[in-house]
Amino acid sequence: MPENESHPPYHVANTHLPALNGSFLPTDAIPEEEQEYSLPEKAVIGAILTVMVFVAVVGNLLVCAAVFTDRRLKRNSNFFIVSLAIADLLVALVVMTFAIANDIHGRWVFGSIFCKVWISSDIMCSTASILNLCVISLDRYIHIRDPLRYEAWMTTRKTVLFIATVWILSVLISFVPTHLGWHEPPMGENSTELQELCVFNINPVYAIVSSTVSFYIPCVVMVSIYVRLYVYARRHVQTIKRTHLAERFHTNGSSKSSYKVSDHKAAVTLGIIMGVFLLCWVPFFIVNPIAAFCSSCIPKLVFQILTWCGYVNSCLNPIIYSIFNTEFRDAFRRILFPKCFLERRQKDVLRGEASTATTTALSSRRVNKAEYGPPLTENGASVRRNSRERLFVDKVTSL
């Protein structure tokens, strides 16, 4: 064989997640125009994907920094958020950055050894992200169903156990099969000797098992929990309505409006959480098993787009799981705008001192209890009712 024909040209197909693609394949049958993007296309695609990586890195770093620097956020439930943020941070740093180079450049230039590490990291981090979302939904459900016993049941040891289970399962479904070759198609179709490609070809059995463990089981659990959570929220609102029926008449329907707001806010929150998760991951995991049975049935570009849709979830998780929590928002402001936060805190302190001085001055006066008794009783009941409503809404919408 002539020397110039001993090493045919090879092309890097897209590689990602449990069913991604995964071997080193010749590209004699691939048209040249499909192998590379033009320079303007590379610039635009690279800029968009780089922004995604930046948002994911900054957002998840903010979540970790907020929990470890804010004393109010150092709770067991927030450790699940940290675990999720770490998984999404690894997706951005270890997976998405090299995926940009792989998809745009059209070939793998980081070596065959790191190729296996990268593919395994892709599967592990994405699986850990999804499983952390599942554990967070379970933790939220337990907290809302039985808030009085939550602290006694969800101890630090159990929290660590849940998080360790998530990461152990993620490692078992990723690094172990990949390095032992359990994912490879039969008949030696997966040639690992050609080092210009980093694609993850898998057999149908591994595609079904990995997709089931990584997505379908957590998805069913999450949907079931959030449906039950919403039903419980509706039932709880109805209970509050019946309990304070008499007060509603005295307030001329204002309480009824607040109940509708609470109910609507809970529905919107749960809808956003589940909607974003399903929108990002369902398309990929529908295509994933199909590609294992029929690799030519799914166009390469479609698979790449659906893969990056899953990566988008790592960018949105810190926003979704923090935007509804006032403590997280305050912590973000303190980290991003420390001077503004300090000035605001000083104003609050001065305002509190002024309020205390006013209260002290009023208490020094002799108050007619008969004159002020009824309004205080009515206002006290209203305050207690509003406090219960706020507590219920905070439990549903916060972490």
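Glycine is treated like the rest: Cβ placed from N, Cα and C.
A TrEMBL annotation is a machine prediction, not a hand-curated record.
What TrEMBL records for this protein:
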- 43-68: transmembrane segment (TRANSMEM)
- 59-321: domain 'G-protein coupled receptors family 1 profile' (DOMAIN)
- 80-101: transmembrane segment (TRANSMEM)
- 117-138: transmembrane segment (TRANSMEM)
- 159-182: transmembrane segment (TRANSMEM)
- 213-233: transmembrane segment (TRANSMEM)
- 266-287: transmembrane segment (TRANSMEM)
Distal contacts, the transmembrane segment (266-287) - CB-CB under 8 A, six or more residues away: 17, 130, 133, 211, 214-216, 219, 222-223, 226, 229-230, 233, 237, 298, 302-303, 306-307, 309-310, 312-313, 316, 320-321, 324, 393, 396-397
Best-contacting stretch, by C-beta pairs under 8 Å, relative to the transmembrane segment (80-101) and drawn from 117-138, 159-182, 213-233: 117-138
For the transmembrane segment (43-68), sequence-distant contacts whose Cβ falls under 8 Å of one of its Cβ atoms, 6 or more beyond its ends: 37, 74, 78-79, 81-82, 85-86, 88-89, 91-93, 96-97, 99-100, 103-104, 308, 311-312, 314-315, 317-319, 321-322, 328, 331-332, 335-336
Model confidence over the domain 'G-protein coupled receptors family 1 profile' (59-321) (mean pLDDT, whole number): 82
